[in-house]
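Participant: Got a structure for you, written out below as structure tokens; questions coming shortly.
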Amino acid sequence: MEEFKLDSIEDALKDFREGKFVIVVDDEDRENEGDLIMAAEMITPEKVNFMLKNARGVLCVPITISRAEELDLPHQVSDNTSVLGTPFTVTVDKLEGCSTGVSTHDRAETIKALADPNSTPQTFGRPGHVNPLYAQDNGVLRRSGHTEAAVDLCKLAGCFPAGVLMEIMNEDGTMARMPDLQKRAKEWGMKIISIKDIIAYRLKKETSIVVGEEVELPTQYGMFHLIPFRQANGLENMALIKGTWKEDEAILVRVHSSCATGDILGSQRCDCGEQLHKAMEMIEKEGKGVIIYMQQEGRGIGLMNKIAAYKLQDQGLDTVEANLHLGFRPDERDYGCGAQMLRHLGVHKMRLITNNPTKRVGLEAYGLEIEENVPIEITPNKFDYRYLKTKRDRMGHDLHL
């Protein structure tokens, strides 16, 4: 059977701007469901009817917290004890031009009014038949739910930040899962995307980092400047900077993933610490350059998993096999935040200090120009030779052992 591929965010946004539905799926470890989502400002009675007949879930209108405050829509309960903390406000109906609020006409009018900048608290009666939800600020980068996905899609499509969504159920009343959703997407002619891909799209397109204070940092290799950065997920990275450069100048750059065992403890199981120090020497000699230090221990799998991988390597597996055995890809690193840090520092072109072709591809995907790879080969020792040989033979690193 041919593997199903999700649609791209760009293709989904094109449909979204035209007032079409998209199906949005979340992760298996969360709700593991798919929702019909569209822009609230483009809803019609016919589309409400389609949702009620075919999706069969709860009709909701995700809005921003500030919008809920503007319309005086408080939380539905003061103590939300639901399993997922679904952020319902009080239910509403539009007062003018509607009757009981139940018909598809009335519900469409209420939904459109929630997306109308001219609406006021007096536009609505409470309680009603439409369920507004308030989305967390910063959207899916803060909470990876359908509520935030709906508002993010509206913003990305240039619509008023209010969506309309409904969970998709099967005819027998069970929740539709991915195989069912694939059939529905084909049957209804709709794009199907994931919240995970919306997150990746936003991280690639937006600046989602907080920049700290810049200080001088004297080191054994010379004087550098240090700037800390905080990601949206709370991880903190840093940039080590030397000198100044022109906007179109290709400077030396090292994007270094943290390695507590190598960088701090001087472990000889890898070449990480030696690479970091050699990169500092190279940049000091050059007189200008940047080291981006990323909290991506163990090629992105974290310290606990890295040590578990070490244990597997002690039992005969190589570094790639160990990652795969633990359920990870050989390299789990994400270069989006590092690319944002470089752009903040005014680096658009670079000579990348690396032996790793994947790192180059990862950075170029974010629009950075790499003029050349500058090798940073460390003489192997008896403890890391097998590790380096695996990186050369199985991961394509440019090493001459």
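The backbone N, Cα and C atoms fix where each Cβ goes, glycine too.
All annotation found in TrEMBL is predicted automatically rather than curated by experts.
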Participant: From the candidates Gln268, Gln275, Gln340, give the one listed by TrEMBL for the same GTP site as Arg254, Val255, His256, Ser257, Ser258, Glu297, Gly298, Arg299, Thr319, Thr354, Lys359.
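Facilitator: For the GTP site that includes Arg254, Val255, His256, Ser257, Ser258, Glu297, Gly298, Arg299, Thr319, Thr354, Lys359, TrEMBL also lists Gln275.
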Participant: Just counting, how many other CB atoms are there within 10 A of the CB of Ser144 (D-ribulose 5-phosphate binding site)?
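Facilitator: That number is 18.
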Participant: For Arg333 (active site, nucleophile), what residues in its own chain, 6 or more apart in sequence, show a Cβ-Cβ distance under 8 Å?
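Facilitator: Arg333 (active site, nucleophile) has long-range Cβ partners Ser257, Met294, Gln296, Arg299, Gly300, Lys359, Gly362.
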Participant: For Glu167 (D-ribulose 5-phosphate binding site), which residues in the same chain are close in space, meaning a Cβ under 8 Å from its Cβ, but six or more apart along the sequence?
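Facilitator: Expected: Glu33, Gly34, Asp35, Ala55, Arg56, Gly57, Val58, Met175.
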Participant: For a quick check of understanding: among the recorded positions His129, His146, which residue's Cβ has the most other Cβ atoms within 10 Å?
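Facilitator: It comes out as His146.
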